[in-house]
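Below: the structure, in structure tokens.
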Amino acid sequence: MKKIGVLTSGGDAPGMNAAVRAVVRKAIHAGVEVVGVNRGYAGVIEGDFVKLDKSSVSDIIDRGGTFLRSARCDEFRTPEGRAKGAEQLRKEGIEGLIVIGGDGSFTGATLLTNETGIKTVGVPATIDNDIACTDDSIGYDTAMNTIIDAITKIRDTASSHERAFVIEAMGRHAGFLTLSAGLAGGAEAILVPEMKFNIDEVCNNIQAGYEAGKIHAIILVAEGVEIEGQEFTTNRDVNQSNAFIIGKEINDRTGFETRVSILGHIQRGGAPTGRDRLIASRLGAASVDALLAGETNKMVGIIHNKVEISDIKDAIEGNKEFDEELYQLANILSI
């Protein structure tokens, strides 16, 4: 294999640039040319390619976002679009493609491989950390620390005004990020999609804390939470988000005046933590090794601190197990 491509796709995650850097430098070390694909799968179809060398990825290890950019591409969802993309890749002489992204990006990669024969290897990058076959995804640690920092700052004002704050974190279908940030940030309640909760119990616990002299409360909520007997519908109108519904209940049922803070896309930005840079560097380099070894339809991941190669189908279709034991610990330590 003389030339490979690399792209970033889906929601941006801190550490994507570090992963691209590792791909480029590891490939060049192996005597292989690297082509960057701008704007994800849209760039594949459009032939929006750029040659990458060591200087191209200089000083990007500490940059958030993705310098290759990302974009939605409905055309790539069609067989015709993928065939067009494969033609562009072959025209450029690209023999294998490294895809940095989440399960949606991996679905595109495996369809491209199965339909056109272009070899692909996936690198997991999503702040939700909901991809199977890896303990950690690129961007997760940075996003967790961003949320913890927000909790710390909001607690200052919550304590000063003796208020409760409902903070909404990203995670429409997964609560890994919310659980970890809530536990590490000392939240009084953590609500996640995997665990139905009883609003009466939540309010009673907060009220008990209030009556015992606690002067503030932090309730961290993933955007996709369910309440017993009812599923909250995620609504793009921020004033109708789940956090506001929960906040009103807490305000009406406890002694706390309650405010709501939607963290939003700040969770995706910022310089990656050292841990994310390390994971991105290891996985980026491992993806090159896998591709050059003839692997395809695979994903590289971190399991028990070791790089492992899995079938990308397992990463797409597998359900990452939610840590209920950690969730119970968070509940024990919260009040």
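A Cβ is built for glycine as well, from the same backbone N, Cα and C atoms used for every other residue.
The record from TrEMBL ties R21, A22, V23, V24, R25, G186, A187, E188, K214, I215, H216 to ADP, and of the options R39, R155, R172 it ties R155 to that site too. Binding of substrate is attributed by TrEMBL to T126, I127, D128, M170, G171, R172, E223, R259, H265, I266, Q267, R268, and within the candidate set R163, R275 the record adds R163 to that site.
G11 is the residue from G5, G11, G15, G175 that TrEMBL records in the ATP site together with R72, C73, G102, D103, G104, S105. The two recorded residues, R21 (ADP binding site) and D128 (active site, proton acceptor), have Cα atoms 22 Å apart. The two recorded residues D103 (Mg(2+) binding site) and E188 (ADP binding site) have their Cα atoms spaced 32 Å from each other. The binding-site residues V23, I215 differ in how many other CB atoms lie within 10 Å of their CB, and the one with the most is V23. Cα of I215 (ADP binding site) to Cα of D128 (active site, proton acceptor): a span of 31 Å. Around D128 (active site, proton acceptor), a 10 Å sphere centred on its CB holds 26 further CB atoms from the protein chains shown.
Of all the binding-site residues given, namely R21, R25, the one with the smallest number of surrounding CB atoms inside 10 A is R25. Between D128 (active site, proton acceptor) and G186 (ADP binding site), the C-alpha separation comes to 20 Å.
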